[in-house]
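Asks: Below, the features straight out of Swiss-Prot:
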BINDING   ASP10, GLU48, ASP70  Mg(2+) 1 binding site
BINDING   ASP10, ASP134  Mg(2+) 2 binding site
DOMAIN    1-142  domain 'RNase H type-1'
Amino acid sequence: MGSKVVIYTDGACAGNPGPGGWGALLQFNDTSKEVFGYELDTTNNRMEITAALEALRMLKKSCNIEIYTDSKYLQQGITAWIHNWIKNNWCKSNNEPVKNADLWQKLYAELSKHTIIWKWVKGHANNSGNIAADKLAVQGRETAIEILKCRG
């Protein structure tokens, strides 16, 4: 496996659902890259998953990765729940469809390319990487809000 990359991800939403943004900070050696994006009508959980997905898509080769997220939903979903979802054809134990299955499936497809350790970090608790990812997610959310204002 290749180089070590540290990634911090976050999602933000104005309302749930509502306009939302995602952000990620990727750190490799002494360099870093910030990325963010938005959706005009989404949920906070979709933005959390999208942040991780888009960060992984930025990587051009196999890497050893530590991903830090303040979303228990993302961290638990990708490390614990997803195995049963796959076994149950993307249904939960009560036979209801898994929410956000489209994004979970895309994220799962990215996992095989890398060695990944998923870590939960408390949000808004003076972790510089998490703070940076949060700012990027808010930037995405604010972009979505401005676009919606322009549309009237």
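For all residues, glycine too, the Cβ spot is worked out from N, Cα and C.
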Asks: In the same chain, which residues outside the set ASP10, GLU48, ASP70 have their CB within 8 A of the centroid of the CB atoms that define the Mg(2+) 1 site?
Replies: THR9, GLY11, MET47, ALA51, THR69, SER71, LEU74, GLY123, ASN130, ALA133, ASP134, ALA137
Asks: According to DSSP, how is the domain 'RNase H type-1' (1-142) divided among helix, strand and coil residues?
Replies: 57 helix, 47 strand, 38 coil
Asks: Taking the Cα atoms as reference points, how far is GLU48 (Mg(2+) 1 binding site) from ASP134 (Mg(2+) 2 binding site) in Å?
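Replies: Their Cα atoms are separated by 10 Å.
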Asks: How big is the gap, in Å, between the Cα of ASP10 (Mg(2+) 1 binding site) and that of ASP134 (Mg(2+) 2 binding site), rounded to a whole number?
Replies: 5
Asks: Of these binding-site residues, ASP10, GLU48, ASP134, which scores lowest on Cβ atoms within 10 Å?
Replies: ASP134
Asks: For a quick check of packing: other C-beta atoms within 10 Å of the C-beta of ASP70 (Mg(2+) 1 binding site), how many?
Replies: 21
Asks: How far is it from ASP134 (Mg(2+) 2 binding site) to ASP70 (Mg(2+) 1 binding site), counting Cα to Cα, in Å?
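Replies: Spelling it out, the Cα of ASP134 (Mg(2+) 2 binding site) and the Cα of ASP70 (Mg(2+) 1 binding site) are 10 Å apart.
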Asks: Mind looking up the mean pLDDT for the domain 'RNase H type-1' (1-142) in the predicted model?
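Replies: Averaged over the domain 'RNase H type-1' (1-142), the predicted model reaches a pLDDT of 96.
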